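A.B. asks: Next up is a structure, given as structure tokens.
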Amino acid sequence: MGAVAPANAILLAAILFGLGLAGVLIRRNLIFMLMSIEVMLNATGLAFVAGGARWGQADGQVMFLLVLTLAAAEISVGLALILLLQTRRPTLDSDVGNRLKG
Amino acid sequence: MNALFTLAAIVAVISTTMVVTRTVAVHALLYLVVSLLAVATVFFTLGAAFAAALEVIIYAGAIMILFVFVVMMLNLDRDDADRENTWLTPRVWAGPALLSAVLAGELLYAGIAGHGTIVAAREVGPVQVGLALFGPYLLAVELASLLLLAGLISAYHLGRDSGRGG
């Protein structure tokens, strides 16, 4: 069993990022858009780890940790916003989110 | 080409596609957890065992629990028992369970059979990551803690009166 080529991992990261981007663009439900953003952030972390594995350095995993922190903070604020929007109006359609006057 | 990596990558792509195309949020969450576990396996095959452990603990554990709680809170007005029954039919969990079984097979193959000892060219362990974190990246760690504090405060502020119906 040979070693993993980091180029393949970068390719996988690109595919996952594209899927997440398609999810953000296609779906109009806020929960699904948040999930797709999570997929995209995860793909970014995978690209960082693959880069770190290419050079045998720890920097890639350090950047993955920072991306993890960003994802945790982003998802807590995003979910709190979704809960607030849900209590103000009974829909999760992002297209009606421009009517900000409560 | 590493067979463990290829299998995990295929599982990741399939489950992520299912996340994007599902219509019920809980079904998508199941596939999202499988996708994160598959990416953790990819991390392991890249020699980043510490990142793989963090992926399982924080992403597939903590963040997905947040998602599950919010999805449960969002539609409380429907009949709960009926909803749980429709969510738990075998047609719903068979797909994620199959993909998870593939990942579990990889884990058994790599761990018990001992084929997963040297899969990466150079393994980067937790010691190196910790030394880099609290050496040259110390300022970034402080900034990350500040970011988490900001997230905590804003989530508290936003969620403070969301239960009272606005």
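Positions of Cβ are set from backbone N, Cα and C atoms, glycine also.
Quick paste from TrEMBL:
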TRANSMEM  B:29-49  transmembrane segment
TRANSMEM  B:56-76  transmembrane segment
TRANSMEM  B:96-119  transmembrane segment
TRANSMEM  B:131-156  transmembrane segment
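Surface or core, plus neighbours and distances: that's what I need for these features.
C.D. replies: Taking Cβ pairs closer than 8 Å, the transmembrane segment (B:29-49) reaches residues 2, 4-5, 8-9, 11-12, 15-16, 18-19, 22, 55-56, 59-60, 64, 67-68, 71, 92-93, 95-96, 99-100, 103, 106-107, 110, 116, 119-126 in its own chain, all 6 or more past its ends.
Sequence-distant contacts of the transmembrane segment (B:131-156) (same chain, six or more residues past either end, CB-CB distance under 8 Å): none.
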